[in-house]
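Following: one structure in structure tokens, then a few remarks.
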């Protein structure tokens, strides 16, 4: 066991900084040296290029000094597709004698300096394996987790990464905004405009809480069912095609890929619905209603307690609470660190069994809300059905289809298909064998 | 710095797939080739065996082509203990000339294809270190975190992993179900049956909210105290034995191992209790009660505000809220990513000090609930004590024992024992020395 | 592909334990051997020193046997700065012929034995790269993530790590305690003492819920604005200095480093405020108030519903709920596993845009609370402004400054400065070039 100390392992920041103005540089970590570019390039084996792309030109002038070095391109662009080729590819073209590695551009210098990055994932790419290894070794020492994304042709993708703005959340958020807008205006007409036009009563104050609360609950339920619909469509498709070996259509694939986000947006709406509901009794309106109820009750003589109504409303609330509880549970298991520690069977148990149970309970919560009002003509204002009825359509369809898929004969066929069986294959071929090589 | 490009690092899926029917294969990633089995086996150094175990036989026919290759067994069984030996062990026996590595069987092909697996932990085992290294290198490139679990004898354990269904949650869930069932029937008899039999009043509507809420709070408090009881039993055992170097009995060990899950189940019940409580004033029952109170009040003349009662109920609620807040805090720190970033002292501060404080506050919340009712004979219906009294027994015992353990003389002895001191050792031997070698 | 099995990879615990009393040792994992110290030291290449520092002396007696071995110092101290030099440095001085590696001291033996440590981060340091590599390889096999912190001079820092007790939470918690204490006494005087002195009414019961709730909301809002104030001060400083390349003053830097903790403490207070608010209608006080309102209403004839008041209170609650919702969202994205999976742009979008929106909504919530009361002389008891007014000062200042910084001319200059432009530099020098070498 030798006592040799590798220079890189001595301290976290053994860096020297090459600058065009060696004396007027910004704050530097201890142990760093400011040198002229040429000196820096000469003495280092790993050179970090912290230059805006538009100034890469000047690097050509010191190209001979960069020969055989590892150049780490940490540049970022301000927009996607600003330039025809990736910055790192351009740099490699300018200095063909160096080994360019793209990466570490996703780190904030400030966070790095303050040791806030332990465990953060970073991506690297480059044509030279050795060069990538050198950069990876250094990054590992900084506590980063390095993922090799292959050759320099991946640089484009890597450079676009820090410019990403929730791509997988776009579809769910658009659906949410669309549904919210539709139901907001639908209920505005039914609840506010209708009573103003027909009865001359101004109930516009309802917009802030009552109406918002209805919209939140409706959108939440529909979006929850939209999490489980693509899985059911996929199962029907597999049953229809009789094989699992054909690709799903693109729209179905991208729908399936954002189920988690869809569910989390639904959870957000459920959370709002829960708090909006809990706030009800503090509201001025609720207090006034209670007082006017008491004043009315005071005139009619016998005080009456309706047992059935107590059962109905209590069941309604209990189902709502249980549904919300399971909802939150689903949300917690979709946290990366929790989901990552589950076995596949556990994950599928929670997301499929518990998920469908949640949908069932929340749908039942909606049905009890309707209860006796279903056939009351007075609820069909201007011949429109109330909002909660519309919200029950998709969940009901999803639940009915799910039950059909769970019928023993259907379930058996589906299980066989998912284990590799194909309807159109002859008997001998069923012995499925696949060998994948690298 | 050479420009050589290792073939594996070019792209994420440089795979060729061997199939019995090279032309009719399922969807393949770009760059993959479909070959006959023999061709695939011949040209690759890493061969993934994606075949059901019952068809491993046919691999014997191409055994010569697999000689010297790394075979990655990614097979999964449908049940535990389906076969006398692990699939990977069986494969190794069939093709002794190859190096079998078990692993990557916990990944969903769909998730892999869609890049959803970055950072996921995977386990490998195999008899050849080199073979494991080759597979690990490839897995690392896919963004996976690889853990080496040793020789092929671990294959059985690894194959059972994806079939795991919350083993560490079983004991806490059983305790929870048992307690819930007991207290549900106990309170059903006291609150519903009693009032029906003795007074002929139907109060069955209470089941959905009032009774459920009582059960949740009781089970939550008892389960929280069951988190801290094993630690106290362990301390007493260490004090009694005068050493920390003897193993705890099995029941205590398995109890201690599920304390976290026990606490999280307790938190779930506390969450339900909180929302069930907050929903109270919206309930039909609560409104009717309020109205009947007003009507009664209207007849009696002077309006009376009881300051002591206001203090009592407000303290009751405040303690409940603070207890719940600390409860949630404990829950958050038991998230893998949060707990993992705490130092040992921080973790023990939160789980022990804050945990006992939470238990104390929640127990006090329970005692205030009882308040003046403790000695009221009317609360002992059919000679049974009310549910909340039963729920206070275990927490009170835990808290009293904890206080005893914190007495300076006891605490001092316990600290010495935990630092390695043993009562039965002679003076000279106390210099404890242990050297562990690998 | 050889079949050789490296001894370390056979099983998780291939350890032999050297002890002064080989026969009376504590519980050992399967496969472990108990040997005398000399035998253990002789046969192993990796030796774990599980000895208290005060007994390191005896190791000198077996120093010849430890020559050339890797000694892993896993010792922990009971207090910071107990000894003039780090334990590992002391060990290295005692046995200069061995390669001492400090690390793994942060692991609980019990957790290790029960496999609870997968994925946990551990730090190593030592002067020999080879020795560290050997320890790292073993730790990796146990499922740990190893971070190399350099030479043995880092041992001190590593030994202090497990004794850390929330250093980054101290400032935020102190601010929280200070603000809470100040506003508690301020409101106690205004709400309780005032009404007792001036009107002789005992309203002390308000302390538990009403007063606490006011304090929580005030502290939460102020602390939220204190999260965003340092960023604004930093921007103003950069504008004033005309460069980003000069270090912030220390107080600003340490303030910026605890913004996350500041925000999470604020979220905790917001959570308490939310539940304290939701509990209001269950309170005895609220019920009595409602009843006295009904009794009064019963005498005055026409029942009156105030539309404007309904709008006002409902907007107040709706803003509060939305603010809390965004608050929780900010809290979730600051979980390590969630924040770590965001791109830089996503993270800054959430923490900056959504953060300022949250502050704006919560501040608006506070303003609506004031509403018509602003100019009412009766609210200025004993010439003091109500608490909510004081709580609005800092947030309002932060929001106004933020709006000023977003003015196109200011924003443009700031963006240029943050891209590296400096006001004092001459034109030619603006081509900023930096090359960092390792």
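Here the Cβ of each residue, glycine as well, is placed from N, Cα and C on the backbone.
Annotations in TrEMBL come from automatic prediction, not curation.
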- region 'Disordered' per TrEMBL - which of A:1-30, A:31-60: A:1-30
- Checking A:171-189, A:190-208, A:285-303 against TrEMBL, the stretch recorded as transmembrane segment is A:171-189
- Message: Labelled transmembrane segment by TrEMBL, one stretch among A:137-162, A:215-240. Can you tell me which?
- Response: A:215-240
- Any idea which of A:93-116, A:261-284 is down as transmembrane segment in TrEMBL? A:261-284
- In the domain 'Ferric oxidoreductase' (A:217-359), how many residues does DSSP assign to helix, to strand and to coil? 119 helix, 0 strand, 24 coil
- Message: Taking only the residues in the domain 'Ferric oxidoreductase' (A:217-359), give me the average pLDDT of this model.
- Response: 88
